[in-house]
Amino acid sequence: MINSRQNYLNAKRFSADLALEHIIPHNVCFYLIPPIVDLTIDEFEKLALERLKMLRLLEQVTAKNPKVSSEAWREAVLAEVNHEGLRTYAKLARGNLNDDASKAARRRDYLSHFILRFAYCRSEELRRWFVAREMELFRLKFGALSMRDVKDFLEVYELDYKPLSDEEKLDISEHLCASTYNHTRLKMESTDFYAVHFTEVLNLVRDRKCFLKAGVAYITPEHFTHVIGKKHQQLIEDGLKGHLRLLPTLEIDERFAMLLKSIHTSYTGKNYTVAKTGSVPVESLDQLSKKSFSLCMRNVHDTLRATHHLKHVGRMQYTLFLKAIGVTMEDALRFWREELTRGKVPIEKFEKEYAYAIRHNYGKEGSRINYSPFSCMKVITTPIGPGETHGCPFKNLDSSTLKMKLTGYGLSAIDADEVAGYAAKGHYQIACGKYFEVVHETKLEEGINHPNQYFELSQLTMEGKERPRQGHAAAAAANQSARWNSQPNSQSTQDGGMVGDSSTLNGADDDLELWEIMESKEKETDADGTMLAVPVAESLSKKVSPKTTKAAQEWEDDDFDMLEFNE
């Protein structure tokens, strides 16, 4: 009976996959028909996070290279794709093939697109971000197609466009050469030109970048990508509206509701739950903070040193960061005890309440979860209230205050303006990357996605080492210098019987138990001595299903026109 049922399920899945193969016969697709396939929760998450990682990569490269040529942009994207090991999208960006690997890549691409539609349809802000990224992915895939591939694509989707014949090109060759920048006659003869109605390329007509005759514009393949891209964008926008109407029905299942709501803030980078490079003595934190701490961590460190106090979210954010860079629990307890008792926290209160929360962060109390440090997306999206100093300074500080802080940290006025300029446009992580480059006087080859990544890159940069590639990360971490091991009695954070990583899609630091303990056991005393109740952050008020998966990253909306391809 069991075998019969399994055979039935296998046959059902085979037929669904076969139907899906007929829906997507080309590497570039319009995502017209929602797929009907069975997916496990694990497959659902993996597909969503893989595509999310790709879309964030595209945003990062585009933000850093807004004016470069299409080919330079493409090379930069592919370099990052190969670096990150995104084989599915590397395969789709190599033209249109029909081998088994390409078919598998198409399947992952198609399914993940529809999954993320549900995650990104719920607000105008999310929809804008998703459409912009999807248009960049379309541009990457379509730009890899040969002339034969483009013809196949047009036939598959029954689009009424055809390249000009040799005779047609010859008749208007002089006009084509005159209206096409950087196209010699020889190059023009080997390039497909397309005839489209002028209303489809008004921007080209306005800028006089095409030959116009009798209401027909003659355009190059690069501009033709823009024409097809507009159709693709409209289909995605319409699809998001349809998914929004279906969302209430899907979210009846709480598992999907929590997964979909958490995807945008998910972290998709390296796991920094446990330090792997030896221990860092707390006596070195002041010196380390000046160069190796990201601005968010430097801000909370400086605030703690100046006021001998942080509110509970700030303490949690900073403690988890310190744990992941290699500060042992014993040193963390000593560090916090010395700082907080210099302020208004009596030693008895510290030992009874604050010490418990620190041990809980290290997985030694309560459910003994090995909590993950905050990723950039978690830092950016965690609400910040009055008197709180956690969160992302690039987002939370106004432009003048941010510039003042940056110049106070030694940046020139020009550099501070450039960093603050990225922040003003909502590119908070790009701003952080630029801050890293200025402080370390070096070129950063990857984006900043995590405060602990910032610390690791800083240490490698100062030691003159290159960032290890994925396949060698573990070996490189094992060989990295443990030069901060000045205290022989310090115990590695990897020891002590911690429970293994329990990160969920939303991050293990979202665990309600720790937040409830901190809320119930702690009340903050303000300057005049009155007691203020500390609310639990709204974005952390629910917990994702208890399934263990890899922790996941994020980005804010940008402000450029998603269809303004480099021309």
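Glycine too: its Cβ is placed from the backbone N, Cα and C atoms.
Source: prediction; values computed, not measured.
Record features, source TrEMBL:
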{"type": "BINDING", "residues": "CYS296, CYS376, CYS392, CYS432", "note": "[4Fe-4S] cluster binding site"}
{"type": "COMPBIAS", "residues": "479-506", "note": "compositional bias 'Polar residues'"}
{"type": "DOMAIN", "residues": "286-455", "note": "domain 'DNA primase large subunit C-terminal'"}
{"type": "REGION", "residues": "464-507", "note": "region 'Disordered'"}
{"type": "REGION", "residues": "541-560", "note": "region 'Disordered'"}
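The local packing around CYS296 ([4Fe-4S] cluster binding site), expressed as other Cβ atoms within 10 Å of its Cβ over all shown chains, amounts to 27. Shown in sequence order, SER294, LEU295, CYS376, PHE394, ILE448, TYR454 are the residues of the chain, 6+ apart in sequence, with a C-beta less than 8 angstroms from the C-beta of CYS432 ([4Fe-4S] cluster binding site). Shown in sequence order, SER294, LEU295, VAL379, ILE380, PRO393, PHE394, LYS395, TYR428, GLN429, ILE448, PRO451 are the same-chain residues outside CYS296, CYS376, CYS392, CYS432 whose Cβ sits within 8 Å of the Cβ centre of the [4Fe-4S] cluster site.
The local packing around CYS376 ([4Fe-4S] cluster binding site), expressed as other Cβ atoms within 10 Å of its Cβ over all shown chains, amounts to 26. The Cβ of CYS392 ([4Fe-4S] cluster binding site) lies under 8 Å from the Cβ of LEU295, CYS296, CYS376, VAL379, ILE380, TYR428, each on the same chain and at least six residues away in sequence.
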